[in-house]
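Trainee: Residues or ranges marked as region 'Disordered' by TrEMBL: 49-69. Per TrEMBL, Mn(2+) binding site is recorded for 262, 294, 296.
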Ligand SMILES: C[C@H](O)[C@H](O)[C@@H](O)C(=O)CO
Ligand SMILES: [Mn+2]
């Protein structure tokens, strides 16, 4: 059956519940998703570094051929990726993806280190988001940055933070709209600390110092702080825990970033959205898929993902949630990872926009809880796929599995030719 025929039938089914599929498609396509540049190269970064200068990074596992080795390759991969994904996209750049002809250390970075990204974004007609990089650097080797007990090291990272807000502001000015900045630090301890208080006090102090820079316009550089429960090497103690970050964000009038992989393995985030949004204007989501101790598997169209977007729909808070991705898999074709994960996120958005929210909430008000449960369950077998296929057709990107061939061709023609 053609996409059009299947869509007409699906449209009728949804219309019987008062849901306009054309409107849902349009809205789903308009909502921006920020693609994380770090999936192109397994979070390596492109800084010009003197020989031997390195430092622990985030661990991406796998060695699939074709990793981007520089900004040109990363942007080419992003262009290919974006051609296979429907809807509005942004690109999220980490500070370690600076491109300079000589070494510029993190504390000395300025907007000129990202000119290539900004020029490219303009050409592509997309907006950029930004992240300071508090890892993969010798001054982050012992696992502490903004909460470091050594004042010189802490000051170095504060300087990096200040520089990053100026870079984000320049990005916002270049694109004529806000740049969303995510603050994540790995600071923490593998085992039981004797003092959990002092690093947290220093972390808060550092953030206060960074955010005190009044020359940065908060409507251009929009800051979010990302929490984490534990990491590899910080299994026992993470300075920027859930409580630390949400308390900090609320008390300082900034946003919170919730990464779907940063909580207890059986904990999920959709129930938290309605709480945080009582007290903060915006939240940022890192859409991801945790598996056991890994927080960053490629996103899939699973219940956790659907529930997050359904919650946004039911609270009608689409304009208060910024959607970004955070997964990386170096063991499979990286374009395949990007496209699978981002298409899944867009599917989640569309799925939620087709939710019979008004009817469900009506049942709830009337105390008709059996009807509420029944309708939620029945909606799981509505002809969603036909609406999704139409969304892809409207966006002029491959329908269904058709994109896999394009990924394979790109692997043969481009990725396999990289050393
Ligand atoms: C590269 C990102 O900053 C990083 O993935 C962070 O967002 C995170 O989730 C760390 O676990
Ligand atoms: Mn994250």
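Using N, Cα and C of the backbone, Cβ positions are placed for all residues, glycine too.
Structural setting of the listed features?
Mentor: Taking a C-beta cut-off of under 8 angstroms and a sequence separation of 6 or more, residue 262 (Mn(2+) binding site) has the following same-chain neighbours: 226, 227, 228, 229, 242, 286, 290, 295. In three-state terms derived from DSSP, residue 262 (Mn(2+) binding site) belongs to neither a helical nor a strand segment and is classed as coil.
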Trainee: Which one is it: of the binding-site residues 294, 296, which Cβ has the fewest other Cβ atoms within 10 Å in this structure?
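Mentor: Among the binding-site residues 294, 296, the sparsest Cβ neighbourhood within 10 Å belongs to 294.
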Trainee: Under DSSP, is residue 296 (Mn(2+) binding site) helix, strand or coil?
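Mentor: Residue 296 (Mn(2+) binding site) sits in a strand per DSSP.
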Trainee: Starting from the Cβ centroid of 262, 294, 296, the recorded Mn(2+) site, name every other residue in that chain with its Cβ within 8 Å, sequence order please.
Mentor: 259, 261, 288, 290, 295, 297, 326, 327
